[in-house]
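Over in Swiss-Prot, the protein carries these features:
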type	residues	note
BINDING	49, 50, 51, 52, 108, 113, 114, 115, 119	substrate binding site
ACT_SITE	50	active site, nucleophile
SITE	98	site 'Important for activity'
BINDING	188, 189, 190, 191, 192, 193	NADP(+) binding site
């Protein structure tokens, strides 16, 4: 079994590309059923956020990569975008190292941001619910979560956390001097939407409106805040008329706010959704300001230097954690092989022993039978090693011969 990952992220792909290859907003159960139906795919975890879409897989043959790319390409709406031009393949230890760095926030657009860990955990949970995760992937993710917890407790990588949500609010503040007199509309009540809401409430705007597909979730978030209200997405046309700032963090497959919704009133539009939820043409209207996820980079760069030192400390913890994981995996593999070896030996001994005991009970010469039993066991136990040594000798594999000699305590010098 081999461990691989295929990824499209913000480092190599601009927002329009990430939007095309995003798997968020699709039926999760359907995604898992379809990917597990591919020959040589054994287990899978699918991660899709605003900055990346990654698929982690246990496979039985590397040839399956082409089939996975075909599967992924099938969800792309615009055929001009070819996944082979953008994806990155990782294998083995590289996958685990990347996932550890990712969960610790070291691969994020905002260095050290904590939201990604929750997103990785959510992806892991969904994989388990869909019976898509196996023992090896499960051990990998458990070690990743333990590593992220250790990094958070032993470094200050998340000190004064700066997230994409926080950076979005920073952009809004730059455009509007006095947010306390403004109405803010947040679209989406997921993890990022809730974080946006909490950042906005700290600025005490005139009114905060939170729109979501299910109003119960929006009501739960807004219920403890004054001047906050929950709404259905179907109310967007009316809500936009009231809003000065519109921020979207929602999973949709097409634009839910377009130019037909807005008049001459100046507004700030910030879209951190992938795929995009707000039509970029909104920014072409003279009175509007429009930002997407990639525009947040400038804000984020201001905060990177503060976290670089803590990042180096986190890297050391991750390297140590990876070493621990690999050592444990070696032990698991060797213990499994040892257990199988003993089971094989037990099977050989039990069959011959029962035959020998039956002969003794029938009055046969015990000494002769024991000698015969010992001879038969010797032949059976040494049969496969002898065959293996002969085969290694034919192939000129002196390294295999040396290894087998060591296994049986023989002189390797001869």
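Glycine residues also receive a Cβ, built from the backbone N, Cα and C atoms like all the rest.
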Going by C-alpha positions, which of the recorded positions (98, 189, 191) is nearest residue 49 (substrate binding site)?
191
Largest separation between Cα atoms (Å) of residues that the record links to substrate, namely 49, 50, 51, 52, 108, 113, 114, 115, 119:
15
Residues near the NADP(+) site, 188, 189, 190, 191, 192, 193 excluded, by Cβ within 8 Å of the Cβ center?
194, 195, 196, 212, 249, 250
C-beta crowding around residue 192 (NADP(+) binding site), within 10 angstroms:
25
Could you round the CA separation between residue 51 (substrate binding site) and residue 190 (NADP(+) binding site) to a whole angstrom and send it over?
16
Between the Cα atoms of residue 98 (site 'Important for activity') and residue 108 (substrate binding site), what distance do you get, rounded to the nearest Å?
11
Rounded to an integer, what is the Cα-Cα distance in Å between residue 108 (substrate binding site) and residue 190 (NADP(+) binding site)?
19
Please state whether DSSP places residue 119 (substrate binding site) in a helix, a strand or coil.
helix
